[in-house]
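Notes for the one structure printed next.
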Amino acid sequence: MWKEKGNAIGNWLLAITAIFGFITLIWIPQASAECQTRSIYCYECDSWTDARCKDPFNYTALPRDQPPLMTCNGCCVKMVRHQRSREVVRRMCTSQLQINLFMVDHVCMMESSGNGHMCFCEEDMCNSSKDLYSHGHQLHLIITIAVAVSWLMGQLLNR
């Protein structure tokens, strides 16, 4: 009896997880494509000259006490560089960069020296975040964990 219930629960969890996984795989690339086709707002600042640009970003500050926003036809960018004992943060739009890369949303690239990184995102004011992971990627991680747990439960209940 327990084995039959275990199989039913494991199969049910696996089916639900597969459905969410499929939806997520369709949803995330569509969100990434939006970065290239619509205008978004990005913070534009440099912590070297504007203390409001530093991490952690003050989300509770009034708009006038936050760094300026700019309209962006691309992705928002956050660059972090460690110079001597100081962390320098720069927030901007990809249209200001002189690079020709295929832009992939919610990706961070480490500097070859290991002294900094550059992250890209495609939601309004997303470059204010300390880590530029979107809810979609958090959802994808949760789904991956759920698949692993449901498989493990199925294995344990089938013994």
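Placement of Cβ uses the backbone N, Cα and C atoms for every residue, glycine included.
Cβ environment of CYS42 (disulfide bond): LEU69, MET70, CYS72, CYS76, VAL77, ARG91, MET92, CYS93, MET125, CYS126, ASN127 lie under 8 Å away, each six or more residues apart in the same chain. Sequence annotations record features per position, and here Swiss-Prot assigns disulfide bond to CYS42-CYS76 (among others) based on similarity to another entry.
Feature annotation from Swiss-Prot assigns disulfide bond to CYS45-CYS53 (among others); the stated evidence is similarity to another entry. The secondary structure of CYS45 (disulfide bond), as reduced to three states from DSSP, is extended strand.
DSSP gives CYS72 (disulfide bond) a strand state. The disulfide bond annotation in Swiss-Prot covers CYS72-CYS93 (among others).
Sequence annotations record features per position, and here Swiss-Prot assigns disulfide bond to CYS108-CYS119 (among others) based on similarity to another entry. There are 20 other Cβ atoms within 10 Å of the Cβ belonging to CYS119 (disulfide bond).
Under the heading disulfide bond, Swiss-Prot lists CYS121-CYS126 (among others). Cβ neighbour count for CYS126 (disulfide bond): 24 (other Cβ atoms within 10 Å of its Cβ, all protein chains included).
There are 13 other CB atoms within 10 A of the CB of ASN58 (N-linked glycosylation site), with all protein chains counted. The N-linked glycosylation site feature in Swiss-Prot is assigned to ASN58.
Residues annotated as GPI-anchor amidated asparagine in Swiss-Prot, with similarity to another entry given as evidence: ASN127. Just so you know, the Cβ of ASN127 (GPI-anchor amidated asparagine) picks up 30 other Cβ atoms within 10 Å once every protein chain is counted.
With a threshold of 8 Å between CB atoms, the same-chain residues lying at least 6 positions outside the region 'Loop 1' (55-68) that come near it are 43-45, 80, 87, 89, 91, 128-130. Annotated region 'Loop 1' per Swiss-Prot: 55-68, in sequence order, evidence recorded as similarity to another entry.
The annotation region 'Loop 2' is assigned in Swiss-Prot to 78-91. Counting only same-chain residues 6+ beyond the ends of the region 'Loop 2' (78-91), those with a CB under 8 A from a CB of the stretch are 42-48, 53-55, 67, 111, 115-119, 121, 127-129, 132.
Per Swiss-Prot, the feature signal peptide maps to 1-33; the stated evidence is sequence analysis.
What Swiss-Prot lists as transmembrane segment is 137-157.
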What three-state secondary structure does DSSP assign to CYS121 (disulfide bond)? strand
Within 10 Å of CYS121 (disulfide bond) (Cα to Cα), which of the recorded positions CYS45, CYS53, ASN58, CYS108 do you find? CYS108
Smallest number of other CB atoms within 10 Å: among the disulfide-bonded residues CYS72, CYS93, that is CYS93
Just to be sure I understand the packing, how many Cβ atoms besides its own are within 10 Å of the Cβ of CYS45 (disulfide bond)? 24
